[in-house]
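Chemist: This is the structure I have questions about; it appears just below.
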Amino acid sequence: QPQNQVRPEGSVPQKKTKDISYRLGLRRALFGKRKQLSDYALVCGMFGIIIMVVETELSRAFYSKESTYSYTLKSLISVSTAFLLGLILMYHAREIQLFMVDNGADDWRIAMTLERILFIALELVVCAIHPIPGQYVFSWTARLAFNYTSSPSDDDFDIILSVPMFLRLYLIGRVMLLHSKLFTDASSRSIGALNKINFNTRFVMKTLMTICPGTVLLVFSVSCWIIAAWIVRICERYHDTQEVTSTFLGAMWLVSITFLSIGYGDMVPHTYCGKGVCLLTGIMGAGCTALVVAVVARKSELTRAEKHVHNFMMDTQLLKKIKNTAANVLQETWLIYKNTKLVKKIDHATVRHHQRKFLQAIHQLRRVKMEQRKLTDQANTVADVAKTQNMMYDLVSELQHRSSELDRRVVVLEEKLDSLLLDMQSLPVVLSQEITKLHKDFLDDLAGRVHFLSSSYSAECCSAPAKQLCPEFTPIDTTYS
């Protein structure tokens, strides 16, 4: 465009429009790349965990830690861990690029806050832990549970490095967040931003607990059950001479009775590792039990429609009871009057019987009215309050609309009154001009008529005979000035 060309009012500069569209496209591309990196990181993490479990089981039953098979499997774990660390670094690089695009920053070091640096370092440390190739042992002395004797043994150092690998399962929450429709939908994110909602893993888990609480609790409980049982088996296999908790089924039984807070006492862990896992299992079991109770209680509640139907039926029954008790009161009143006023001889036993029934009917009427009042109070639930609030909001909106319409009409009426006042003020001048014009026209017409009459009269009087009769007559001057 030429420099002297005038841009229309309200138009957006072309460079600014291109910059906004470029940033939106870049942001969409970064979102897609971040999702792919998160998926690849989860695949690498799960692959390392599976290979670790396979290597641990095979090295215990078929070969030693110094065999070629063990070196090969541990090398695969190391390679997958290296890929995982690289994917995590690339993921956080995309996070920093998104931060720069969203905030219009030019330098990536602006996004590197202390909190972000510590979080990245912690994530790298957690994902870097894995069993390294080779055989490394350490001396571990445990005290047996029932006879309290010491049980020294040389345990593999891989136990300390294998158990923390399950911490990589946090990547599942990240993948669930990035694949959630609430996170990927632009309209949902806009509504959340207006309501100051932070779309994170916690929000996604709350949403899943609201939609399908039973499925979430079942998957979480079974997963924790299997992982805890395998960890207990690995920790106890060097000190369980009777093979009670070192078998997978025995470990699952121990974890299940601990998870359910039963604790029969037939199986107990010997090592501090197994005791710690059982302690965490008991804590998670208590939490899951509380969640199950809450979910069952919520599922057992009546829905809003069912509550309305129930309240309607109870109200109908109470109305019938009120009518019956009121009729009983009137009936006993009439019978008391009849047996005291309309009989010759009063039977006091009959009168006392009807008086007793009269008092019972009054108390029953009061009790039924109290039940009706309680039912009315229970019917005013939060949903009904919200419905009333919505109705009041609609009513206030309608009143505001009518008020604005009334204000507009008042403004139009004021404008018309102002114009009418101006016309009234100019009315005397217009009337005077019109009266002057009419007066002038009237005088001109009158002068013309007088001139015509005088001309006619002079013509008749000044004829020949008339001139002889009145020779000294002269015409009247009718000129009007």
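The backbone N, Cα and C atoms fix where each Cβ goes, and this holds for glycine too.
Grabbed the feature section from TrEMBL, which reads as follows:
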type     : residues : note
DOMAIN   : 315-391  : domain 'Calmodulin-binding'
TRANSMEM : 37-55    : transmembrane segment
TRANSMEM : 75-93    : transmembrane segment
TRANSMEM : 117-139  : transmembrane segment
TRANSMEM : 159-177  : transmembrane segment
TRANSMEM : 208-232  : transmembrane segment
TRANSMEM : 244-265  : transmembrane segment
TRANSMEM : 277-297  : transmembrane segment
Chemist: Would you kindly list the residues that approach the transmembrane segment (75-93) from elsewhere in its chain, counting only those six or more residues past its ends and only Cβ-Cβ distances under 8 Å?
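Modeler: Distant Cβ neighbours of the transmembrane segment (75-93) are 34, 37-38, 40-41, 44-45, 47-48, 51-52, 55, 116, 120, 123-124, 127-128, 130-133, 168.
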Chemist: Out of 117-139, 159-177, 208-232, 244-265, 277-297, which stretch has the largest tally of CB pairs under 8 angstroms to the transmembrane segment (37-55)?
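Modeler: Per the Cβ under 8 Å count, 159-177.
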Chemist: For the domain 'Calmodulin-binding' (315-391), what are the DSSP-based totals of helix, strand and coil residues?
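Modeler: Per-class counts: 69 helix, 0 strand, 8 coil.
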Chemist: Quick one: average pLDDT across the domain 'Calmodulin-binding' (315-391), no decimals.
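Modeler: So the average pLDDT across the domain 'Calmodulin-binding' (315-391) works out to 86.
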